[in-house]
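J.: Sharing a structure with you now.
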Amino acid sequence: MTTAHILGFPRIGAQRELKFALERYWRDGASADAERALVDTGRALRAEHWRIERDAGLDCVTVGDFAWYDHVLTTLAHVGGLPRRFGFDAHALTLADYFAAARGNAAQPAMEMTKWFDTNYHYLVPEYSPATTFGPGVEWLFDEVREARALGHRAKAALVGPLTLLWLGKARDGLVERLALLPRLVPAYRALLARLREAGVDWVQIDEPIFSLDLPDAWRDAARPTYEALAPGAPKLLVATYFDDASEHAALLKALPVAGLHIDLVRADAQLDAFVADYPADKVLSCGIVDGRNVWRNDLDRSLARLAPVRDALGERLWVATSCSLLHVPVDLAHEPRLDEELKTWLAFAAQKTREVAALRDALVKGRAAVAAEFDDAAAAAAARRTSARIHNPLVKRRVAALTDADARRASTYSVRAAAQRARFGLPLLPTTTIGSFPQTPEIRRARAAFKQGVLDHLGYLEAMREQVRIAIDKQLAYGLDVLVHGEAERNDMVEYFGELLWGFAITSNGWVQSYGSRCVKPPLVYGDVYLPEPMTVGWASYAQSLSAKPVKGMLTGPVTMLQWSFVRDDQPRATTALQIALALRQETLDLEKAGIGMIQIDEPALREGLPLKARERAAYLDWAVRAFGIAASGVADDTQIHTHMCYSEFGDILPSIAALDADVISIETTRSNMELLDAFETFDYPNEIGPGVYDIHSPRVPDADEIERLILLALERIPAQRLWVNPDCGLKTREWRQVDAALAAMVDAAKRVRQKVEEAVPA
């Protein structure tokens with residue numbers, strides 16, 4: 001019978017139970033009681049998620065998709081591959097050890113973190129050296145298998161595959177080629193798979209999303225011998241590709257000695273023919289037809305029409321699935337009582353998507369009539385969405401159509417603007433600033449909750465937030481920062497805040513997804529044409545500027561990041577939606593400038609994240625992404641300084657496009673990579689000003705002035721002092737004031753030391 005399954009379920013819980021349990025555990029100092037409570041929470045969440053999968057009608061539940069912090073880190077823990085610098089006993093690894101690798105400790109900084117392919121999820125980057133070894137690791141996966149079996153579930157295990165695990169890591173300490181470690185890694189996987197078979201697991205899903213990339217020949221060539229070594233003694237293996245087209249590797253994948261393949265038909269529908277043609281008779285083909293990365297309801301009739309010929313060709317060897325893990329979507333639409341009812345009919349979250357998968361399986365096996373009510377309801381929702389008047393705004397469409405190339409360019413070159421800005425601001429060498437946000441304290445959260453509950457009126461809420469702005473300005477003046485920010489106390493999220501104020505966006509109550517660790521975000525829904533009805537940030541920026549003679553930056557989230565960190569409508573090109581958002585932001589920059597704000601930061605942390613996985617598609621993306629930023633930023637005068645910020649990015653392959661943004665100042669995240677990201681600037685002469693991060697805000701660890709000074713000096717080896725800024729890696733929202741106070745004081749101290757050294761080195 002055709003099998004219905006998913007590649008993974010969100011791990012955080014419908015009410016973010018895992019987030020809160022993790023934070024209690026860390027807050028309580030990882031005590032025995034706190035660890036028991038955390039373990040109990042994890043067990044309860046897994047049981048609930050398996051119940052949802054079973055009740056939806058899936059043929060098996062997925063185990064191994066749960067992780068305490070990150071599934072890549074958990075896979076390393078399973079195969080004994082955590083970084084050697086921590087000195088952990090791989091087989092006796094504790095939760096405290098695991099979290100130390102993720103978050104750092106007094107002796108070692110945290111592992112580097114970067115984006116999971118082109119998503120907004122962040123994984124911890126494996127560290128590989130010539131001394132790296134692998135072997136038996138933690139028992140967590142086997143514990144989960146036992147839990148699932150005890151609850152009566154048929155369990156399919158899921159693991160990050162060995163090739164992907166190596167690909168995602170970084171070579172250190174003289175290791176030339178990560179693939180050189182494959183002979184050490186394969187035996188660890190082989191032992192793990194053999195134990196899963198002994199535990200009664202019939203199927204193991206091996207995630208190899210790197211087969212959606214343009215792989216070097218050496219990595220392609222490694223696939224067959226790797227799986228020839230893994231298959232004997234293992235359960236049936238389902239090699240899963242997702243996020244893009246794997247058809248260029250179709251012949252290779254079909255020849256692997258595994259029991260099945262999974263392909264993503266949402267992101268790459270055209271690849272289906274390449275796989276179905278001459279598909280091996282001994283393999284199942286799992287078709288990812290339900291979108292694991294977006295929230296729009298599946299057009300079941302359309303999906304059925306796509307799958308029916310595959311069913312005719314493969315029979316029961318066709319499996320129906322989500323395109324990728326549901327990690328990237330919220331848990332359950334049932335927890336959205338306040339969402340607009342019409343909009344709600346257009347949506348499906350993880351729980352609903354599990355049922356869509358099962359409904360498609362039922363229609364293939366029993367006929368559409370067996371699930372006619374579900375199919376008819378989905379068809380009605382799709383028709384209503386196509387014709388709804390709330391989606392289309394003729395004014396917005398006319399404004400987008402009227403855009404010219406000149407609208408996306410500043411009036412003057414950078415050198416002309418820089419002279420005007422130096423004359424206006426008179427900043428010192430190596431100016432210090434922050435990226436934007438300051439700690440979201442319990443006081444801020446209480447005020448926001450009281451306002452949302454109607455306990456605090458609007459004026460009371462505004463005054464509470466203004467008090468937080470005053471605190472932020474006073475603290476920055478005490479640190480001695482040169483350029484200030486208002487702290488963003490009024491913003492619960494850098495995208496959601498704007499989504500609440502722009503037409504064409506909708507905000508959920510519990511549409512949370514995991515970004516990393518305990519960090520969750522609630523992406524807005526872009527359902528229609530985007531329009532700015534009134535200024536969004538001018539009042540806050542103007543008030544903050546009134547408190548100091550030093551410049552205060554206006555803070556906006558850029559059009560590409562708004563797009564990347566939202567669930568975006570799928571009925572028009574993303575480029576069109578980006579231009580609509582850019583036009584709204586352009587009006588906001590002009591309003592800020594008119595109010596006297598001389599520095600405006602338009603954050604684009606997701607620019608690199610949006611880069612297509614296929615090289616052939618990147619130029620087109622970068623063209624419209626750069627144009628959208630230009631539309632947002634280019635209406636202002638020469639002496640208005642435009643900043644931008646990017647994080648978690650490898651920049652080398654897109655530096656020309658970053659330069660084309662023509663921001664006067666760019667800040668980037670570099671601390672965890674020890675300024676390695678700046679290596680690209682040795683061969684590319686970046687023309688404008690740059691602030692490489694010198695303080696890792698993702699770790700509770702507080703650096704001292706000596707450490708920051710060392711990083712500034714490293715940056716000066718690549719960036720001229722006249723164009724170098726000093727700032728943290730990212731916003732400080734998730735940190736505590738005691739950490740921020742110490743770190744920023746150290747940062748200013750370090751900048752002053754280096755400034756003095758540079759000035760003393762310049763001949764009078």
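Even glycines carry a Cβ here, placed using N, Cα and C.
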J.: Need a hand: Swiss-Prot gives Arg16, Glu17, Leu18, Lys19, Arg519, Cys520, Trp565, Glu609 for 5-methyltetrahydropteroyltri-L-glutamate, which of Lys115, Lys397, Lys452, Lys733 is also on that list?
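T.: Swiss-Prot names Lys115 for this 5-methyltetrahydropteroyltri-L-glutamate site.
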J.: According to Swiss-Prot, Ile435, Gly436, Ser437, Glu488 bind L-methionine; which of Asp301, Asp312, Asp603 is also listed for that site?
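T.: So, going by the record in Swiss-Prot, that would be Asp603.
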J.: Need one residue: from Glu617, Glu669, Glu707, Glu709, the one Swiss-Prot lists with His645, Cys647, Cys730 for Zn(2+).
T.: Glu669
J.: For the recorded positions Arg16, Lys115, His645, His698, which one has the sparsest Cβ surroundings, going by other Cβ atoms within 10 Å?
T.: Arg16
J.: For His645 (Zn(2+) binding site), which of the recorded positions Leu18, Lys115, Ile435, Cys520, His698 has the nearest Cα in space?
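T.: Going through Leu18, Lys115, Ile435, Cys520, His698 one by one, the Cα closest to that of His645 (Zn(2+) binding site) is Ile435.
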J.: List the other residues in this chain whose Cβ sits within 8 Å of the Cβ centroid of the L-homocysteine site residues Ile435, Gly436, Ser437, Glu488, Asp603, in sequence order.
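T.: Residues close to the L-homocysteine site, other than Ile435, Gly436, Ser437, Glu488, Asp603: Thr434, Val485, Met494, Met555, Gln601, His645, Cys730, Gly731, Lys733.
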J.: How far is it from Asp603 (L-homocysteine binding site) to Glu669 (Zn(2+) binding site), counting Cα to Cα, in Å?
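T.: Answer for this pair: 12 Å between alpha carbons.
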J.: Nearest of the binding-site residues to His698 (active site, proton donor) by CA-CA distance, picking from Ile435, Glu488, Cys520, Glu609, Glu669?
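T.: Result: the closest of the binding-site residues to His698 (active site, proton donor) is Glu669.
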J.: Between Lys115 (5-methyltetrahydropteroyltri-L-glutamate binding site) and Ser437 (L-homocysteine binding site), find the distance joining the two CA atoms and give it rounded to the nearest Å.
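T.: With distance taken Cα to Cα, Ser437 (L-homocysteine binding site) is 21 Å from Lys115 (5-methyltetrahydropteroyltri-L-glutamate binding site).
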J.: Tell me whether Glu488 (L-homocysteine binding site) sits in a helix, a strand or coil according to DSSP.
T.: coil
J.: Distance check, please: Cα of Cys520 (5-methyltetrahydropteroyltri-L-glutamate binding site) against Cα of Glu488 (L-homocysteine binding site), rounded to an integer number of angstrom.
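T.: Distance between the two Cα atoms comes out at 18 Å.
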J.: Can you tell me which of the binding-site residues Leu18, Glu609, Cys647, Glu669, Cys730 is spatially closest to Ile435 (L-homocysteine binding site)? Compare CA atoms only.
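T.: It is Cys730, whose Cα lies nearest.
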